[in-house]
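For reference, the structure is listed below as structure tokens.
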Amino acid sequence: MYSGAGPVLVPPTTTPPLPMPAYTFKPPPRPDFGTSGRTIKLQANVFEMDIPKIEIYHYDIDIKPEKCPRRVNREIVEHMVQHFKAQIFGDRKPVFDGRKNLYTAMPLPIARDKQVELEVTLPGEGKDRIFKVAIKWMACVSLQALHDALSGRLPNVPFETVQALDVVMRHLPSMRYTPVGRSFFTASEGCANPLGGGREVWFGFHQSVRPSLWKMMLNIDVSATAFYKAQPVIEFMCEVLDFKSIEEQQKPLTDSQRVKFTKEIKGLKVEITHCGQMKRKYRVCNVTRRPASHQTFPLQQESGQTVECTVAQYFKDRHKLVLRYPHLPCLQVGQEQKHTYLPLEVCNIVAGQRCIKKLTDNQTSTMIRATARSAPDRQEEISKLMRSASFNTDPFVREFGIMVKDDMTDVTGRVLQPPSILYGGRSKAIATPVQGVWDMRNKQFHTGIEIKVWAIACFAPQRQCTEVHLKTFTEQLRKISRDAGMPIQGQPCFCKYAQGADSVEPMFRHLKNTYTGLQLVVVILPGKTPVYAEVKRVGDTVLGMATQCVQMKNVQRTTPQTLSNLCLKINVKLGGVNNILLPQGRPPVFQQPVIFLGADVTHPPAGDGKKPSIAAVVGSMDAHPNRYCATVRVQQHRQEIIQDLSAMVRELLIQFYKSTRFKPTRIIFYRDGVSEGQFQQVLHHELLAIREACIKLEKDYQPGITFIVVQKRHHTRLFCTDRNERVGKSGNIPAGTTVDTKITHPSEFDFYLCSHAGIQGTSRPSHYHVLWDDNRFSSDELQILTYQLCHTYVRCTRSVSIPAPAYYAHLVAFRARYHLVDKEHDSAEGSHTSGQSNGRDQQALAKAVQVHQDTLRTMYFA
């Protein structure tokens with residue numbers, strides 16, 4: 001064993017050669033199936049598909065004019081199939097993906113080298129619309145090849161076959177419901193689920209076709225998302241601006257009200273109500289500064305002369321409509337340069353528009369309450385969904401000879417043994433997790449830090465957070481910290497009240513200059529405030545000071561639990577070690593120096609086209625592994641590949657060497673946030689980048705790399721078959737449940753692991769897919785290692801849903817978002833959404849996320 005310093009007892013094995021050029025990068029085959037742990041009977045929300053061994057015929061569809069929404073394209077193709085039934089389609093039931101791809105079970109009478117051009121008329125509101133559709137043969141898609149791949153006779157699952165089956169299974173639901181990604185939604189009949197702010201919850205289902213061992217599977221899950229409520233724009237505005245009714249708004253909107261309203265309605269579709277049956281639709285591009293009574297536009301008169309006319313006057317003259325709310329602004333619709341204005345009162349929000357903007361905190365918690373289902377309830381809902389979807393009577397599914405089993409798939413899983421957790425102090429107590437949780441009572445940190453110089457800065461109002469509150473809080477914190485083995489010696493050297501984000505930097509500078517050896521500043525916040533972002537910006541990036549924020553409510557009323565959680569974070573930020581995995585129980589990979597890397601890229605919220613994406617990579621710095629260092633970069637908007645990975649990994653390897661005096665012989669890389677479609681691209685770029693980082697350090701330095709993608713955003717759920725196995729109020733699967741058969745990839749190395757105890761709703765197991773493995777892990781070794789790493793997250797005494805390095809990478813990227821916040825922009829929404837980084841050049845952004853030298857080697861993100 002190596003302990004972070006001292007000799008390596010086990011000689012390193014010979015390291016594998018560099019991989020061949022990029023085109024040969026291929027995920028490794030599954031080495032074996034795991035056997036560790038006790039078996040557990042489960043059901044998974046995937047349904048076996050019976051696929052015939054036929055050929056499917058693939059045609060390319062080209063619709064002119066282009067760029068119609070998928071819904072319109074589907075209508076065009078449906079009309080085309082009906083209209084040209086006699087000449088071309090006969091009794092065939094083609095399926096269409098809404099873009100370019102059409103599939104049939106029998107070939108169409110179209111020569112392979114010819115293109116057929118048809119004219120299709122869609123009846124429209126007001127006038128008919130005419131489209132030109134060109135059809136040409138593309139390929140035969142062999143379902144036999146799919147069978148061969150699933151049974152292992154062919155190396156790769158043919159992507160085009162899976163895609164064709166997906167289109168077949170989605171064709172009818174796409175016509176019945178509102179498709180969003182791989183899910184389908186419909187407005188809840190009879191029972192609205194309002195979220196506030198003009199938004200509501202729509203329920204639906206996720207559906208996707210997935211290859212697994214021997215069989216194709218249909219993955220079905222319940223799904224929910226936020227849509228905009230179909231309602232008059234006036235009512236929408238009242239919800240957004242928190243007016244009880246429009247009657248209380250007799251004055252024009254203030255600037256801040258108008259800005260807030262514009263932010264919400266911009267980009268939405270509205271339909272007009274003042275032209276009888278012709279409910280023409282427009283997209284909102286802006287909200288006018290001036291009210292309808294004053295907003296003018298150039299009106300061309302019959303004489304050919306152009307005059308400036310107000311919107312209110314125009315509606316009175318042209319539509320005989322006297323506006324009820326001429327003091328309110330207008331919507332500017334269509335193209336901005338065309339000056340088309342509509343009064344709010346003649347517009348409705350069009351139904352079926354999904355909300356892609358970020359939900360507020362209140363909306364998010366309402367959404368969670370509305371959608372959380374215990375595991376047995378979710379299982380029942382999915383079974384109901386399957387019955388109502390009735391795939392086996394779907395005429396399009398039957399056309400292709402596909403059958404789907406009605407029952408969920410039975411799977412045998414295994415519950416892995418949790419690791420033992422070692423504490424410090426005199427007792428060197430050992431904790432054994434039960435259902436993913438353990439207790440720190442009567443235990444002391446493995447390495448506790450003694451705090452001698454510390455300060456309190458209270459940004460909560462003195463009348464709410466009194467000096468008595470602060471005194472009690474200080475006493476209680478000192479007591480709990482002493483019990484935990486992190487003694488806080490004496491009273492704070494400084495304890496003062498302050499107000500607003502602007503006072504953070506001057507106060508912190510004063511503290512740093514006045515109190516030598518200051519270790520920690522505890523900052524008390526009055527709820528959600530821009531002060532938090534500024535504290536972290538100044539502490540992490542400007543002055544290099546350790547800060548711990550505490551909400552005012554936790555100071556007014558202290559509990560041992562919250563104080564204990566605070567101590568977990570403080571000890572780690574100051575360089576302590578809370579606990580470690582019991583060395584005797586760790587997997588064999590620890591016998592040589594090994595570095596664990598976690599990587600994640602976070603993107604700005606949908607609908608934001610300017611803010612950069614943030615890439616974070618963390619690396620373990622000891623043998624436990626407990627301490628981590630972070631690197632972070634800003635990169636191109638929505639860029640998933642980590643652009644500067646080579647330099648980031650190089651930094652971490654140098655830091656590892658400085659901390660341990662060892663060069664890692666193995667690199668275990670947990671990569672979060674990559675979807676299946678990006679596997680090849682990410683593997684190619686990032687594996688080479690890691691290799692490059694090693695070679696740049698030393699020409700012959702070639703540690704073995706294992707590259708694992710961690711996925712949380714999937715729809716596979718596991719349920720206990722035996723009621724007695726269910727855990728907790730939500731009836732979930734036990735922590736440690738692992739599955740690597742039947743519902744996993746037919747040939748590649750992947751597995752599901754639910755490492756945490758589900759508290760609310762249905763547990764989501766994490767999916768791990770090994771894209772590269774020089775270290776030749778067995779299934780048991782990698783599954784046990786991954787599960788143990790889920791127990792090393794420092795913020796709590798429970799196992800978490802993904803390995804600690806991947807979790808830390810997420811925290812680092814999230815913290816960098818705060819570092820980018822401009823302190824002068826306050827925001828009611830909460831600090832991390834306020835006036836960020838727009839228009840700042842790349843260099844300034846890179847500098848903004850650069851952590852201070854004194855903070856660099858600490859776990860400031862904990």
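Glycine residues also receive a Cβ, built from the backbone N, Cα and C atoms like all the rest.
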Given Swiss-Prot lists ASP600, HIS810 for divalent metal cation, the same-site residue among ASP540, ASP672, ASP740: ASP672
Range annotated as region 'Interaction with guide RNA' in Swiss-Prot, from 218-240, 793-815: 793-815
Among ranges 63-71, 720-728, 756-764, whichever one Swiss-Prot labels region 'Interaction with guide RNA': 756-764
Shell list (divalent metal cation; ref centroid = CB of ASP600, ASP672, HIS810; cutoff 8 A): GLY598, ALA599, VAL601, THR602, ALA616, GLY673, VAL710, ILE802, ALA806, TYR807, ALA809, ALA813
Counts of helix, strand and coil residues, the region 'Interaction with GW182 family members' (653-663), according to DSSP: 8 helix, 0 strand, 3 coil
Beyond the flanks of the region 'Interaction with guide RNA' (793-815) by 6 or more, those residues with Cβ under 8 Å of it: 418, 431, 433, 436-440, 536, 540, 565, 568-569, 572, 578, 596-602, 614-620, 625-626, 628, 630, 632, 670-672, 710, 712, 735, 754-757, 764, 766, 786-787, 859-862
Same-chain residues at least 6 beyond the ends of the region 'Interaction with guide RNA' (527-569) whose Cβ lies under 8 Å from its Cβ atoms: 361, 440, 459-460, 464-465, 469-470, 472-473, 476-477, 480-481, 484, 486, 500-501, 504-505, 508-509, 511-512, 518-521, 578, 794-797, 815, 818-819, 821, 823, 825-827, 830-832, 834, 848-855, 858, 860, 862
Model confidence over the region 'Interaction with guide RNA' (756-764), averaged pLDDT: 94
Cβ neighbour count (within 10 Å, all chains shown) around ASP600 (divalent metal cation binding site): 27
